[in-house]
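**Student:** Take a look at the following structure, please.
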């Protein structure tokens with residue numbers, strides 16, 4: 001349950017999608033790393049908030065309690081701490097595992113790919129953060145998935161809001177994970193969960209409601225900087241100052257049209273410490289796309305300055321900011337789009353089929369195809385001694401091979417090869 005096989009057409013589509021994402025990461029100067037699928041259980045526990053119950057734990061197999069990795073961020077932080085790396089820009093594309101209730105139509109699986117880009121190191125504020133948002137903007141524009149919005153917020157602003165609304169600090173994280181549901185359920189439900197399950201007072205919940213339903217741009221940041229209560233809170237003030245700086249950089253990148261400063265954005269993970277963001281596809285009204293509505297978030301990330309320190313014996317911190325592209329959800333959308341268009345996707349990259357029109361010419365085919373392979377040309381032939389020429393040309397049409405190299409008795413005698421364009425049926429001897 002919650003896993004899938006990828007037949008050739010899907011694997012080809014996924015490769016195309018991954019290479020578009022990776023080429024963007026490379027354009028921004030990231031190096032690739034890889035880490036094991038298995039991590040020590042203690043590495044993962046206590047890093048994911050309510051997500052912890054979805055960690056796949058393994059049975060004790062000789063003294064080590066292990067679990068399957070839940071994301072690529074915690075392994076990255078462990079890698080930095082173990083190898084004493086204080087400065088790195090990396091990307092990582094790999095499978096992660098969550099014991100979730102699968103919703104395969106929405107692209108939710110128990111085994112799925114994540115594509116992460118992170119910048120680790122001590123830099124001037126908001127420059128790396130702005131680049132992460134630019135990357136999300138580039139990838140979503142490049143894939144032409146339709147209209148999207150990137151919501152941004154800051155954990156410090158949220159914590160400041162909770163503080164001025166009278167929430168005790170011990171309840172910040174539970175309150176955060178409840179606010180995070182605002183994009184899926186109405187405020188009334190969020191409010192009743194805060195009061196009923198998370199033990200906040202109704203007055204505190206109402207005050208939070210006044211803030212978390214706000215969204216806008218620079219104007220909203222300016223307004224909150226003047227807010228009599230928030231401007232008195234040190235954390236919120238810091239967060240708003242950085243948010244203002246972030247918007248200045250995003251304006252220079254020319255992408256603020258797709259960015260919304262949204263106070264309801266909380267992101268459920270415990271390890272975020274500063275800026276957080278999430279990209280959401282806007283509903284596409286289209287008769288083929290009715291299943292698409294509610295695809296939700298297709299990328300997310302933020303700043304996590306304390307995570308590496310958790311793994312360092314001396315507690316040395318390495319500030320980090322990163323983004324994860326929700327490749328499975330994007331894949332579901334592209335897959336449905338391909339189905340709707342009826343377009344056939346080529347599953348191989350073969351450039352030429354080596355064909356023979358008469359019998360007893362297998363040696364000629366084997367010799368020619370070997371020369372082509374040795375020259376780095378992608379070539380195929382049928383595994384039959386004496387196939388009919390029509391059969392061979394039909395195979396080209398079925399699989400999208402553009403050219404056929406034909407060697408018959410006449411061609412062998414003349415020392416040439418006849419090259420046929422499968423689509424136009426034009427032939428040249430060479």
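Positions of Cβ are set from backbone N, Cα and C atoms, glycine also.
Not my notes, these are from TrEMBL:
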type: BINDING; residues: 71, 72, 73, 98, 114, 118, 267, 271, 272; note: L-histidine binding site
type: DOMAIN; residues: 1-357; note: domain 'Aminoacyl-transfer RNA synthetases class-II family profile'
**Student:** Provide the number of Cβ atoms within 10 Å of the Cβ of residue 114 (L-histidine binding site), excluding the reference atom itself.
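**Tutor:** Counting Cβ neighbours of residue 114 (L-histidine binding site) within 10 Å gives 19.
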**Student:** For residue 272 (L-histidine binding site), just count the other CB atoms lying within 10 A of its CB, please.
**Tutor:** 25
**Student:** Are there any residues at least 6 positions away along the chain from residue 73 (L-histidine binding site) with a Cβ closer than 8 Å to its Cβ? List them or say none.
**Tutor:** 116, 118, 271, 304, 307, 322, 324
**Student:** By a simple count, how many Cβ atoms lie within 10 Å of the Cβ of residue 267 (L-histidine binding site), its own Cβ left out?
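**Tutor:** Total other Cβ atoms inside 10 Å, all chains included: 23.
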**Student:** Given the L-histidine binding site residues 71, 72, 73, 98, 114, 118, 267, 271, 272 in the record, what is the largest Cα to Cα distance, rounded to whole Å?
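**Tutor:** Taking every pair among 71, 72, 73, 98, 114, 118, 267, 271, 272, the longest Cα gap is 21 Å.
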**Student:** Measure from the Cβ of residue 71 (L-histidine binding site) and count the other Cβ atoms within 10 Å, all protein chains considered.
**Tutor:** 19
